[in-house]
Structures are given as structure tokens and as C-alpha cells.
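Database features, via TrEMBL:
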DOMAIN    A:26-106  domain 'GDNF/GAS1'
DOMAIN    A:118-212  domain 'GDNF/GAS1'
Amino acid sequence: FLVHSSVYKLLSASLTTASFSLLNQCLKAAQDCGLYEKCGSLRSEYVLACTKRAPGSHRCNQHKCYRALRRFLERVPEEYSLGVLFCPCTNTLCGERRRKTIVPSCSYQDMEGLQPNCLHQQSFCRRDDLCRSRLADFLNNCQPSHLTASGCLKDSAGLCLRAYAGLIGTIMTPNYISNSSADVSLWCTCEGSGNQWQECQRLQRLFTHNACLQTHILCFSGMQMQISNRCQKCCY
Amino acid sequence: SAAMRSLLKLLLILSCIYTGDGHWLRLLTGRQTEDGQREASGKQREIPVRARLPRSTLDSQCELRSILLKVRDLELGYDSDETVLFKYCSGTCPHVRSNHDLSLNNLLLSGVIPQPVPGGQWHSSPCCRPTHHEDMAFLDNSHCWHKVEKLSAAGCTCMG
């Protein structure tokens, strides 16, 4: 609680002093990360792991990239790691930087552009102990609800964002889908779902149409000023 | 006179403490404040530069130092506004001249060994150099990731 309220205060302070149109908030988050030695070095480590070509192929080593991403998120204090992931953007330059943060060419997209079926991806995830627990955390803490003021079933005080970040570096890594919005999605499709089409859609929409998740993402970055009472209610 | 002798011994010991141990105390407290500063500046957001200028002979020992820079200030040709904590080795090394160093110096002075060509350097004492390096990665202003191998020093030693 205390950690997150201080983080929010820090971010709102930095947002009020910075002029939005001139300063790229995601660049500032990257610079803040660079200031803190541990953040800078672990960030370099995952970028190196995710950009290095695997021997004998033009692709990256996705396994190593995932592992380095998880290390970054686990070892760096949240004010820096989540700051870099959820920095607020008002222009496409900032948005593009934000989208590229996790080196999506390795950790998110497939080189050939092929998307697996979402339910297949989920079943692969469930077979892995780590991914299974991370997915369960996400489903638990980011469950949307129409009944609550925050849009979340649980007033989880920042656990939703942490749970979402916990999926990064697993088989079900989500990411921003464009540089002009904060919309996120899994890299998967519902084609070939057959009878399970609705279940597949439900899973996809947990990322693309999740009011709870969106609120948390925007609250963290301080963007949702107009529904600030919703932010207050949800966590900070 | 026995009392005088023990008093003299006491004075001698005290003077040693003043010059010798005082040296140690300053070294210790100097280290602590450096670490304290390092801790604090690690978590602060305002500190622009962490280069340490030598204030006394103690601070100019061969050590790993760091400076916060913009990537473009490295003048490697990258167009990026990101910042990097550039670490380097600097400081003096204890000058213990071996017989080799003494002889080399004598032969240079007497002209038996030709003077070094311009550009070539003869080091007659150990120098402060990195033991190993660290790679670094950043996003440039065109949103491409770059990696610079062996950019920063990761540890220092007196070589040679």
C-alpha cells in the first residue's frame, strides 16, 4: 500500500512539473532507470538477451529473453520496473518507445507473424509451473466487475498491475498493440477454436477489453485524471 | 627515569596513532560517506553526475568511478537521449619499482635503449586499468535497440 501510494505521488509530482508535450515520459522513465545502477544493468541484460541472435538462426533465443525479462521484473524495485512498463504517453513517439520496451520482436511477436490460438497458448502456459501460477494471479487480481467503482472485482491495491507484469517473460506475454493507445493484448488469435470460440474470446478480452486492467494501467501513470475518484477507490 | 621512559613510549605510541591510525580512520570514514552517497544517489532522481574528483591522496587511489552521461555524449555516433552510468578506472597505483623498472630507466637515460617513438609510451609504473567490462543497451531516437559491448569498466586493478 505505502509503496504504491508513494510511487503514485512520485509520478504525479513528476507529471505536474514536466510539460507533457515536450517531455517523453517513457524516455524519462528510462533515464530514471539508468540513474539506478541495478535497473540500468538488468535492463541492458534483457535487451542483450532479446536482441542477440541464436547461433545458427536469424531469430533470437526466446527462452533466454524470457528469463532475462523475468529477472529484470523480479529484481528491480517496482518504482523503476513498473515505471518503465507503464509510463504515460500523449504522443506516438512516447507510445512507440513504450511498445518497444520489452523488445517485442523477440518476446512478443513471432518473426513470421504467425499467431497461435489463444486457448492453445493458455494450455501450454498451464503445463509450465511458473506460467500457470502467473496466469492464476492475473485472472485472480485483474477480474473485471461492473458492480464496483474501480471496475475491478478485487480492490487489489496494485496487485493487478503486478500480476499483469508477472506474465511478461512467460509464454503468455502481453504487450501494447499500438503506439497511439494504451491497449494491450496477447499475441494470439481465436481462429481454429471451433466450439470453444466464446471461451477463446473471453480469454482475449481479459486483455483487450478489461476495464479493471485499463484503469490500473492508466491510474499508475496518472493519466486518468477525469475519473480520479475511481483511481482513488481502486488502489492509490 | 622508568616513569620518564614509559611516558616517552606513550608519547611515541600516541604520535603513531595520530599519523598512522588517523590515516586509517580517515580512510574508513571516507569509504563510508562514499558508500552512503552512492546509496543515496542511487535512489535519488536529481543527481546529474556522480564523478568523484580527487580531494586528497586517499581519494586518488586506483578505483572504479562512475559518471552519468547521455548516450550521445559518449560520441560514438548514436542518436539517443537515454542516459548511461559510465564506469571507468582512474587513480594512482602504488609505485613499487622492480629491478626491471630501475634498469629500464637507467638504460633510457644513458641512451642505450632508444627513446620511445612519438605515440608509443613507456610506462615505468603500474597503471589503473579495468579487469573486465560490461555491455550496455539502449533505445535510440528511431526506436531501435542498440547494444554496445564492453562499454563500462566493471572492476579495476593496477596492472604492470
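All residue numbers here begin at 1 and follow the chain in the order shown.
Note: Cβ is positioned from N, Cα and C throughout, glycine not excepted.
Across the domain 'GDNF/GAS1' (A:118-212), the model assigns an average pLDDT of 92. Sorting the domain 'GDNF/GAS1' (A:118-212) by DSSP state (H, G, I as helix; E, B as strand; all else coil) yields 49 helix, 9 strand, 37 coil. Break the domain 'GDNF/GAS1' (A:26-106) down by DSSP state and the numbers are 59 helix, 2 strand, 20 coil.
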